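Here is what Swiss-Prot says about this protein:
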DOMAIN    2-148  domain 'Globin'
MOD_RES   Ser4  phosphoserine
BINDING   His65  nitrite binding site
BINDING   His65  O2 binding site
MOD_RES   Thr68  phosphothreonine
BINDING   His94  heme b binding site
Amino acid sequence: MGLSDGEWQLVLNVWGKVEADIPSHGQEVLIRLFKGHPETLEKFDKFKHLKSEDEMKASEDLKKHGATVLTALGGILKKKGHHEAEIKPLAQSHATKHKIPVKYLEFISECIIQVLQSKHPGDFGADAQGAMNKALELFRKDMASNYKELGFQG
């Protein structure tokens with residue numbers, strides 16, 4: 001399941017593009033998540049009232065939360081798999097407070113891949129996509145493992 005040094009480099013290279021504009025990337029990821037999987041919107045009291053894509057695009061709170069999500073994920077990716085200290089509190093809050101199922105982490109991972117494909121086609125070829133998929137799968141596996149330890153069946 002681990003990634004090679006070369007794969008981590010591909011992941012971090014494209015992530016550098018994300019970090020150049022985290023708010024717009026995060027906003028687009030969340031909009032894709034909510035439009036593609038409307039049931040996920042129910043987990044966000046702050047955004048439940050946003051029904052249209054235009055309302056979502058106009059929401060500063062949604063943009064801020066998208067930036068928060070991708071900033072946290074970037075911190076995890078930069079650990080190149082040695083992310084236990086970052087995953088534990090994230091899993092704790094997502095299992096006990098927010099009750100976010102692992103399936104929703106799969107959904108948002110798909111959205112992240114789609115946004116990267118859309119915004120950075122030249123920097124996100126097949127090798128980079130494969131590496132990012134592996135990195136996100138590792139993240140989800142470790143979140144699920146922590147969920148299990150916490151007794152959350154999400």
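The backbone N, Cα and C atoms fix where each Cβ goes, and this holds for glycine too.
Sequence features annotated in Swiss-Prot and their locations in the structure.
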{"residue": "Ser4", "record": "phosphoserine", "Cβ within 10 Å": "10"}
{"residue": "His65", "record": "nitrite binding site", "Cβ within 10 Å": "18"}
{"residue": "Thr68", "record": "phosphothreonine", "Cβ within 10 Å": "13"}
{"residue": "His94", "record": "heme b binding site", "Cβ within 10 Å": "23"}
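Summarised by DSSP class, the composition of the domain 'Globin' (2-148) is 118 helix, 0 strand, 29 coil. On a Cα basis, Thr68 (phosphothreonine) lies 14 Å away from the residue listed as 'heme b binding site'.
For the residue listed as 'phosphoserine' paired with the residue listed as 'nitrite binding site', the C-alpha to C-alpha distance reads 31 Å.
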